[in-house]
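Feature list (source: TrEMBL):
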{"type": "BINDING", "residues": "101, 125, 380", "note": "substrate binding site"}
{"type": "ACT_SITE", "residues": "137", "note": "active site, proton donor"}
{"type": "SITE", "residues": "177", "note": "site 'Important for catalysis'"}
{"type": "BINDING", "residues": "220, 252", "note": "NAD(+) binding site"}
């Protein structure tokens, strides 16, 4: 027994040592980052809208400051008996309009600044989409590829235990995000229900057969397609089928957007993923490409596309460029090289403030992320409503309601864009700020 305790203590010491080393490395990397962080980028865009609204500084601080930030350490015994410690975060930004809502991501570069920025974005995204939620975000600093499925499940359940007192069906509702999926949400729902009773509404993005919603898998990509359709109409650029598209990122969002645009007759002339890129000036057969990849083959090995350096994907000539991968990819240098008429931000934060200024000077319209990728959280809301009703909707109903939400949200931000003569990004933040502020003021501050 004593020997077991000694071994356990040694393992814990080793794990803590590794954690401290990782924290030190993370701190060093943070110092080497671009001068503007994710949170600062978000606040830069926000402050531009706040300045147009002429809000007093006290109100600005209230709207920018998160309500709660929680950091926890998850101690997990791995399959080989070793003890590992993972940093985890949950930031709850604002709940004036309803329960906190936001995804949960597993990624080795997750840190508090990243989660804080994404939580803020969720506040404005739910407000732009006019669904009764606030904004939150969560994450674990981990490379899920290095964990077995059993280790991933244990870590997820540890996370639920650690944060269960600040989440709930009417308090804070997580959802899938980077490297998390329906299976992870099922574990989350199951573990939470052990402590709080049957609670399918505590998370969204669950499997369809386990209180999930039809249409949820394609929701963000479908919403992106609806967003492009409305923008093309407003700019008098024609229909979806008249355009050439380039899509950076062929994960869930990029693949579904490509599929739906291709089905509408559009030419997807180049796509990329984390491993490579391909192009075809006559348009890729997206149906064949998805079948190719579902068989276990790589995107770059698709025979009907010419290989392309993935770093060059953003500069391929097109009508509509869709960054659907990671944030910060369009800085000032890249913005000067783009050969498109429109940038549609399906990813979170793909354009930096400096890059955004270059695009404005060049006359390239940017459809902002807080609107473009709002389809995911909108159908998450539909799933939550179905859980509360204990009644499943037909997929046609889900898609029709999503279309209506995306159309109404675009009309609201386009109206502000025209009346205030501001870019669409600023207009989106103005709409969101007005809705959140109205809720804050009418609920009171005491």
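Note that Cβ sites are derived from N, Cα and C of the backbone, with glycine treated the same way.
Unlike curated entries, TrEMBL annotations are predicted automatically.
Long-range C-beta contacts of the residue listed as 'active site, proton donor', restricted to its own chain and to partners at least six residues apart, with a cutoff below 8 Å, comprise 90, 91, 93, 102, 103, 104, 105, 115, 116, 118, 119, 121, 122, 177. Look at the binding-site residues 220, 252, 380 and count other Cβ atoms within 10 Å of each Cβ; 252 has the fewest. Residue pair residue 101 (substrate binding site) / residue 252 (NAD(+) binding site) shows a Cα separation of 20 Å. Report note: the substrate site is defined by 101, 125, 380, and the residues of the same chain whose CB lies within 8 Å of the CB centroid of those residues, excluding them, are 102, 103, 122, 126, 129, 131, 133, 135, 175, 374, 376, 377, 378, 381. Put simply, residue 125 (substrate binding site) is 19 Å from residue 252 (NAD(+) binding site) when counted between their Cα atoms. Residue 220 (NAD(+) binding site) is 10 Å away from residue 380 (substrate binding site) when you measure Cα to Cα. Residue 220 (NAD(+) binding site) sits 13 Å from residue 125 (substrate binding site), counting Cα to Cα. Within the set of recorded positions (101, 125, 177), the lowest number of other Cβ atoms found within 10 Å of a Cβ is recorded at 177.
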